[in-house]
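Here is the structure we will look at.
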C-alpha cells in the first residue's frame, strides 16, 4: 500500500511543534520562517506548527510561548510554497474555536491527539474539522501502554468520527520493533480503506528510524519526524536519516536527501538550544515508558528540589502519568526530597 501514486509514504516534519518542547516554546517568527522555507525547499510535504502541547497550550502548566502560536501558523503558511501546514490539537487543552482560527491563518491539516484509550473525546473535534474542509489526522498517544487490539478499537472510533489517518504514537519512545509493527498491522486490518495509518516515534531507546521502517512494512503510509531530531525527550525520528534509509530501501518520500541534510545542519540546528541527546534522563523515559515532554519539566523540578531527574522519571513511569499531568512531577520531587532528608537523619 502506498500513500499515493507518487509517494510510498508522506512525511510530516514536527520540528516546529514537538521541537517546541525542547526549546521550551521560545520560537521566534524569524526561526519559523527560516525553518519552513528550508523544509519546504527540501520537499517536505507537511510541516506541523503549534505550541508543543498543541493549540492553546501556552499556559502556566505547559509553558508560555514566546511568540503567539497563531502568529507562527500564519508565518508558516505564508512562507511555504508547496508544503501543507498542520496544527496539533489536544481536546481539553485547545478548544474548537482554535481550529477555526488556525484554518483562517492558513493551516489545512488538523491533527487531534488523545490518550490511546480516550479516542471518544475527539469525536466532536473531528466532526468540526471535516465540516470546515480540513484534512484530519488522529493521534493515539502513549500507544505502548495498550495492546494492538485495544488500539484498533480506539482507531475505529476516530475513523468513524471523520479521522482520515490514525497514528500509532510512541510518545515515550518505548516501543521496540515488532511492538510497532504489531500495533500498526492491527490498526491497518481494522480500518481497511476507511482511513490511513501513521506512526510517530521518539528516540528515547534510539530506535525511531528502525521503528518507522517496521511501521511502513506493516502498512503505515504517513510517518512523522523532525529535522535534527528536534523534539521532546531524546527527540523525534530524524527526518534526514529517515529519508536516507528510505532512499536505500526504495521507499519514495519525495524529499531530497541532500537538501534535507543541509536544512537540518544549517537552519534547524542553529535554532536549537542544544542537541537532542540520548542522555540518562531520556533513556529512562524510553525504558520506563514516560511521556517525552516530561523531560524539561523533570529537569527543572529536579534542580529546584535537589533530587535526581532520572529517578523522578522512573517514578513517573510507575505512576503511568500521561500528558497533562506534568504537575505531578512536583509531588514526585517532594517525595524524593523527603526520602533524602529521612535518610540523612
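Backbone N, Cα and C define each Cβ position, glycine as well.
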Checklist entry - Besides 200, 202, which of 8, 13, 18 does Swiss-Prot list for that Mn(2+) site? => result 18
Checklist entry - Tell me, how many other CB atoms lie within 10 A of the CB of residue 18 (substrate binding site), whichever protein chain they belong to? => result 28
Item to check | Cβ neighbours within the same chain of residue 17 (site 'Transition state stabilizer') - under 8 Å, at least six residues apart | outcome: 48, 49, 50, 51, 52, 54, 87, 88
Next on the checklist: Quick check on the recorded positions: of 21, 200, 202, whose CB has the lowest count of neighbouring CB atoms inside 10 Å?
Outcome noted: 21
Checklist entry - Which one of the binding-site residues (171, 291) has its C-beta surrounded by the most other C-beta atoms within 10 angstroms? => result 171
